[in-house]
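Engineer: Shown below is the structure under consideration.
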Amino acid sequence: MIKQFNKINKTAEEIYEADVLKAREMGSAGEGNLPYFRRHSENGVLLIHGFAAAPNELLPLAYELEKNNYSVYVVRVAGHGCKLDNFYKTTYEDWYESIEAGYNALSSFCKKICIVGQSNGGLLACTVARFNKCDSLVLLAPAFKVRVPGFFLIPFVKKIIKNIPRYTKDLECNYPVFPTEQLYQMKLLQDKVDEYVKEINVPVLLAVSEKDVLISPKAALKKVNEMVSNDKTAFTYNNRLYKVKHILTEKHSLKIINDIVCWIKEKIK
């Protein structure tokens, strides 16, 4: 059930240690697959990675935020960064609930929190922002509409096809397939977010690439414009200039990271 997170009466470090232990028990190995937390100032940033990915895709942004004295927590979304069999068992509600530890760790000592989500993590970030207190929201190529062939048929496709192959160089942290049942869970999450996206009322940054191969930048901009917030910024990157196919999953993302950090510095002081 999607609702406000329950408060955990533990220190940030205790929450983080338990989160890492849980990840290891689920089969996570390697630093890129584990939650990442560092305490700095009382301004915190919660980062949520994308579908079939792992925390490592947002670590470069987290490192840059640390240089600017922000406390950071990069969550490991349930079923990700471990064993594919675990991913098969998860629902969008499991994904949302797995963010609770990171949110509670930061909220235990931070006066202000920014939530950052990439791709499917953008949908989850919207959900966190809607049901929990936060001070700003950053959406990186949010998956309001995805460019997976036949995605609208996924409720039927999942009954006959278990996996859709994907191309990825980083098999240590990313799964080699898109499970159709979990794509269906993403579709359910999209439908849920559609119900309350208009109610989001915090400063919002949207960052998309014109030629994103996985999500629709036009649909993302449309959804952000529906939000009640009157403080909205959109950065659209031209693929010919930056060769960006899916925002921070690209190596050519230093300018994008700098733009995001500068925006957060304006909103979270």
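Backbone N, Cα and C define each Cβ position, glycine as well.
Curation does not apply to TrEMBL; its annotations are automatic.
Pasting the feature list from TrEMBL:
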type	residues	note
DOMAIN	43-239	domain 'Serine aminopeptidase S33'
ACT_SITE	S119	active site, nucleophile
SITE	I160	site 'Important for substrate specificity'
ACT_SITE	D212	active site, charge relay system
ACT_SITE	H246	active site, charge relay system
Engineer: For D212 (active site, charge relay system), what is the tally of other C-beta atoms lying within 10 angstroms of its C-beta?
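Structural biologist: There are 20 such Cβ atoms around D212 (active site, charge relay system).
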Engineer: Could you tell me the C-alpha distance between D212 (active site, charge relay system) and the residue listed as 'active site, nucleophile' in angstrom, no decimals?
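Structural biologist: Roughly 11 Å, rounded to the nearest whole number.
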Engineer: Of all the recorded positions given, S119, I160, which has the fewest Cβ neighbours within 10 Å once its own Cβ is left out?
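Structural biologist: Checked S119, I160; of these recorded positions, fewest Cβ neighbours within 10 Å: I160.
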